[in-house]
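Q: Got a structure for you, written out below as structure tokens; questions coming shortly.
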Amino acid sequence: MSDRMAKFKAGMPKEVIDAMKQEFKDNYDTNKDGTVSCAELAKLMDCPEEEAQRIITGVDVNCDGRMQFDEFLLYMEGYTKERLYSSDEIKQMFDDLDKDGNGRISPDELSKGVGEISTKLVEGMANKLIQEADKDGDGHVNMEEFVDTLVAKLPLCFKKCFHEDFDKNGDGSLTNAEMSQLLNRNLPGQYSEELINEMISRVDLNGDGRVQFGEFLMHAQNLSKDDIKNQFMAIDKDKNGKI
């Protein structure tokens, strides 16, 4: 076991490890061979096999091309590190609101403290973004660092968007009707049936007449880099190329 793995497991309660082991068996290791293959992970995450392979390669300590349970823990460790605030930080925010220290937050305490907490949240988010994205260590984030950092987080954002906002019947794909409903709700009268069909055919890589999440993800990521650059320029008020 690697030092990194030993340290990670040592800091986890046994109940948590047991729960993650059950999650691994029930939802990841679908053929019950004790490992997760690229195909299994791609199916579970509804993503291209290339993306699944990239994830496995990042934690494949024994280089067998599959994800063992200990490697799965490393994968989950990466997700844990992506959380914006730790449990200790959240507890501190609660304590800051709980002025009389009785373990509960009253409406008056919430009203008085929310402005202060909101300021801390915004400052904390900004500081964490700078720390994570500032690859050259100059204390600022340039456009390349900004784009690289946010693009790395896009798949999870797009997955949430796809399933919650687009795929209304929950079948894992977008039909012509779902696309039409979505576009006409947000941009009424701007998209004809013919144009929607053309949009689907451009994204529909497997030719089944529907948009799967993997197809949606590949297309959305291509579009999003320009959007992220535009956001960077909007934030960069003094136009010096850094935030």
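Cβ coordinates are placed from backbone N, Cα and C, and glycine is handled just like the others.
So Swiss-Prot says this about it:
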{"type": "DOMAIN", "residues": "15-49", "note": "domain 'EF-hand 1'"}
{"type": "BINDING", "residues": "Asp29, Asn31, Asp33, Thr35, Glu40", "note": "Ca(2+) 1 binding site"}
{"type": "DOMAIN", "residues": "47-82", "note": "domain 'EF-hand 2'"}
{"type": "BINDING", "residues": "Asp60, Asn62, Asp64, Arg66, Glu71", "note": "Ca(2+) 2 binding site"}
{"type": "DOMAIN", "residues": "85-120", "note": "domain 'EF-hand 3'"}
{"type": "BINDING", "residues": "Asp98, Asp100, Asn102, Arg104, Glu109", "note": "Ca(2+) 3 binding site"}
{"type": "DOMAIN", "residues": "121-156", "note": "domain 'EF-hand 4'"}
{"type": "BINDING", "residues": "Asp134, Asp136, Asp138, His140, Glu145", "note": "Ca(2+) 4 binding site"}
{"type": "DOMAIN", "residues": "157-189", "note": "domain 'EF-hand 5'"}
{"type": "BINDING", "residues": "Asp167, Asn169, Asp171, Ser173, Glu178", "note": "Ca(2+) 5 binding site"}
{"type": "DOMAIN", "residues": "191-226", "note": "domain 'EF-hand 6'"}
{"type": "BINDING", "residues": "Asp204, Asn206, Asp208, Arg210, Glu215", "note": "Ca(2+) 6 binding site"}
{"type": "DOMAIN", "residues": "227-243", "note": "domain 'EF-hand 7'"}
Q: For the binding-site residues Asp29, Asp33, Asp60, Asp98, Asp171, which one has its C-beta crowded by the most other C-beta atoms within 10 angstroms?
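A: Result of the Cβ crowding comparison: Asp29.
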Q: What other residues of this chain sit with their CB within 8 A of the center of the CB atoms of Asp29, Asn31, Asp33, Thr35, Glu40, the recorded Ca(2+) 1 site?
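A: In sequence order, the nearby non-listed residues are Tyr28, Thr30, Lys32, Gly34, Val36, Ser37, Arg66.
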Q: Under 8 Å Cβ-Cβ from Asp208 (Ca(2+) 6 binding site), six or more apart in the same chain: what's there?
A: Ser173
Q: Sort the binding-site residues Asp64, Glu71, Asp138, His140 by C-alpha distance from Asn169 (Ca(2+) 5 binding site) and give me just the closest.
A: Glu71
Q: Check the Cα-Cα distances from Asp167 (Ca(2+) 5 binding site) to the binding-site residues Asn31, Arg66, Asp98, Asp100 and tell me which is shortest.
A: Asn31
Q: Given the binding-site residues Glu40, Glu178, which one has the fewest other C-beta atoms within 10 angstroms of its C-beta?
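A: Across Glu40, Glu178, these binding-site residues, the one with fewest Cβ atoms within 10 Å is Glu178.
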Q: Using DSSP, would you call Asp171 (Ca(2+) 5 binding site) helix, strand or coil?
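A: It is coil.
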Q: Out of Glu71, Asp136, Asp138, which has the highest number of nearby Cβ atoms, where nearby means within 10 Å of its Cβ, if these are the binding-site residues?
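A: Highest number of other Cβ atoms within 10 Å: Glu71.
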Q: Express the predicted model's confidence over the domain 'EF-hand 7' (227-243) as a mean pLDDT, rounded to an integer.
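A: Residues in the domain 'EF-hand 7' (227-243) carry a mean pLDDT of 65 in this prediction.
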Q: Of Arg66, Asp98, Asp171, Glu178, Arg210, which binding-site residues come within 10 Å of Thr35 (Ca(2+) 1 binding site), going by C-alpha to C-alpha distance?
A: Arg66
